[in-house]
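Presented below is the structure to which this report refers.
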């Protein structure tokens, strides 16, 4: 472990030093006033631990089944786009780190490495995330994932339109990046990132590359045109018929939607508010977790805001089958590449293990709401307190 890197926040600070402001803000920022990203962190304080004493915790197990497969711990590295802007071949670095840790990696539709290239270079448990895009393009991607060995398909449902991210607007961030004097100066102030950028070139939206979309600008335009705001329950049934393996629906924030997805053939759901990047002031998925678990009776996974092992333990105690990591592992990637991701996963694993010992639960599969007390109150500190201080989801 690197000196003075003791938690996820330390990696965020190191990442901030390495990245140009517009790249940092793109991945750190949220929608509009960013109340949602703040709430994603504050919400964990609603639950306090109720430890059980005089329990033998000399031996502890973090192993658990996720969708019927035994894993080293109930975590995944979730889907995030443009990882190549953080570190060269960022998708591959994340996937390899996940494989070494014994957990799945979810490749994004907006990845900088194609579905088939990642499958050729990584032999881990690969999942593929699909946006609500028009069926012709969606079918091609799904069949590529099927034929190259991806085990699970994740449909993201909360991006019918893009979130209004004002940091990006202020920075004039777009794909491809424009080379204004401000951007060039920012790059000069971050030479390590700029040198990587010069050596490896502009990352491509690899799943949208074709003979007609040779430039990144054309790929971004194609992806934008393919977003399908009419995608509905009938389209979900079409996707269910197309994909023969495990199917999860992501982006849900109600127990009723979760139950409907199961009724339509999904094998499970992922509660998510997209890390606060889509709808500002949306509820946290933690606030509907227990109800969704009770209503569906099927695997319920969750993301948005997880930074500590104690956050993860709280979600598991409320019934989540697993937690997906987003910014947490991206901080490690941006700071130190694949090594940084390895280190963040090691930190979180140790944090989970320590929390289990402290609450008197030697086996992670034995977690239950009995270990928690709901305080029902969140931190009401003003949003200005967190801007630029790394408390975003």
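Placement of Cβ uses the backbone N, Cα and C atoms for every residue, glycine included.
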*Where Swiss-Prot shows 26, 131, 274, 277 binding (S)-mandelate, which of 59, 60, 165, 240 is named for the same site?*
165
_Of the residues 156, 213, 355, only one is listed by Swiss-Prot in the FMN site with 79, 80, 81, 108, 129, 250, 303, 304, 305, 306, 307, 326, 327. Which is it?_
156
*Of all the binding-site residues given, 129, 304, which has the fewest Cβ neighbours within 10 Å once its own Cβ is left out?*
129
_Here's one to test understanding: among the binding-site residues 79, 81, 304, 326, whose C-alpha is closest in space to the C-alpha of residue 26 ((S)-mandelate binding site)?_
81
_For a quick check of understanding: among the binding-site residues 26, 306, which residue's Cβ has the most other Cβ atoms within 10 Å?_
306
_Entry from the binding-site residues list 79, 81, 326 having the most other CB atoms no farther than 10 A_ = 79
*How big is the Cα-to-Cα gap, in Å, between residue 79 (FMN binding site) and residue 274 (active site, proton acceptor)?*
10
